[in-house]
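Asks: Okay, here's the structure, questions in a sec.
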């Protein structure tokens, strides 16, 4: 077998293992959470939400959902879902089996990491779809909201979501390593929560650009200006996040490869 | 001499600095053998197996499988091995077939019908669609065994395979081991803390205590290594008179408890004579049993 087929069979297996797991359902529930709240919000309080003359109702509808989700919910979701996915192996005592199969250890580690990324991306895509569905639904129920008269600014929305996704990569790299390292679910969860809460405290400081757990907050705002239109696909935070992701993934693998499996 | 399929030299490992868990272990498993790896709980059997499979990193010594150093040939070597280490690794939220499919896909090159075949071998076909978390310990053990058979391994490593099996399961496991060894030429390495289990299935035996190899040879050699004297336990209604009679016959008696007496004899055919003597003096004989002296040997080897 060559490297690619090792990797492909590993990712395929990871997908099968997600079947009927809480990790999978959490990623679905995670995507539904905010759009469902907004569905109720716009259905019940639509009078306050009727747009002014010349205003596109989609702008506030979409960006407020992202700003509601990104700083708090997404990092917590990442910490939880990463631990849960790796927990599938620990719970079934499978690490010892995987590492005695005639396959390279990297294919196990990176195959699984790839699936974590895939599942998080799946949540983002599902979230985006649900935002549009909810938008058109509330517009259909309450015509005054003028959802159907305006077209959503899709590129801004996708850009914001994309930046949010890239900004959590650094956390995924570290959380994945921790989850693999410690059999006990509480350890990566606890460390993750402490690091994240620290991020909440320090994100307004200039130095927080070096702290990956603050990135989901930082990704929404350009550091120097509040001008949303000035936003690029890859702000500095995104590049740092990718850097941290690569660093933690490689360090994590080197550590796991040498680890004694008890 | 045939090249050993597993060979370790001066193998050392410790979990902590204060204590050596495996020290200077020289293991040699001949090709085609059924090798029983015997030792009390906590003697280092599982640790040794984990070292053999590369799960733990050895601190000293060398390991070679199939005549090749393990580390340099990890993937090639593992492709020829099937292993069941301690509790089987199974995904509880998936069914038996899905678990096998996953293992087969990782290995690659496992024909599709092999999954049904191994399910048949371990007699789990009837529950192949049941979620594994609803399995009993014995069923899990069988499924773990099925997974280790997927690639038709040349070397099968089983760690306490009888764990959780019912008596019927144990007998089936024994005959499966015999069949794999005799018909498919599989070398089998079994760890166990039960001497009787090893004695029934194995051709070779290694006895380990506190991480050190105490004895390693064929089972026949282990049996021959003894003095040749037999200990017979006799249950009677009058142990003291029975003891007197045994003394007269120069049979070194030793009263074990109120009902039974241990007598040392040289050969089995001394037993009828002894019983005749007891019966002639109207002593009731309820039971005569040759004590499993291997068990005693094992205990004497593994106890200080």
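Just so you know, glycine gets a Cβ as well, placed from its N, Cα and C.
Note: TrEMBL annotation is automatic and uncurated.
Sharing the feature lines straight out of TrEMBL:
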TRANSMEM  A:21-44  transmembrane segment
TRANSMEM  A:64-88  transmembrane segment
TRANSMEM  A:109-136  transmembrane segment
TRANSMEM  A:156-178  transmembrane segment
TRANSMEM  A:185-205  transmembrane segment
TRANSMEM  A:237-256  transmembrane segment
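Surface or core, plus neighbours and distances: that's what I need for these features.
Replies: Listed as Cβ neighbours of the transmembrane segment (A:21-44) (distance under 8 Å, sequence separation of 6 or more from its ends, same chain) are residues 61, 65, 68-69, 73, 77, 80-81, 84-85, 87-88, 119-120, 122-124, 126-127, 130-131, 133-134, 137-138, 141-142, 145.
If one looks beyond the transmembrane segment (A:64-88) by at least 6 residues along the same chain, the residues whose Cβ comes under 8 Å of a Cβ in the stretch are 17-18, 21-23, 26-27, 30, 33-35, 37-38, 94, 112, 115-116, 119-120, 123, 127, 131, 157, 160-161, 164, 168, 171-172, 175-176, 179-180, 185, 188-189, 192-193, 196, 199-200, 213, 216-217, 219-220.
Proximity of distant same-chain residues to the transmembrane segment (A:109-136), defined by a Cβ-Cβ separation under 8 Å and at least 6 residues beyond the stretch ends, is recorded for 7, 10-11, 13-15, 18, 23-24, 27-28, 30-32, 34-36, 38-39, 42, 58, 61-62, 65, 69, 77-78, 81-82, 85-86, 89, 147-148, 152, 157-158, 161, 164-165, 168-169, 172-173, 176, 180, 249, 252-253, 256-257.
Within the chain carrying the transmembrane segment (A:237-256), a Cβ under 8 angstroms from the stretch's Cβ atoms is held by residues 105-106, 109-110, 113, 163, 166-170, 172-174, 176-177, 180-181, 209-210, 212, 215, 218-219, 223, all 6 or more beyond its ends.
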Asks: Sort out the residues at least 6 away from either end of the transmembrane segment (A:185-205), same chain, that have Cβ-Cβ distances under 8 Å to it, and list them.
Replies: 71-72, 75-76, 79-80, 82-83, 86-87, 90, 171, 174-175, 178-179, 211, 213-215, 217-218
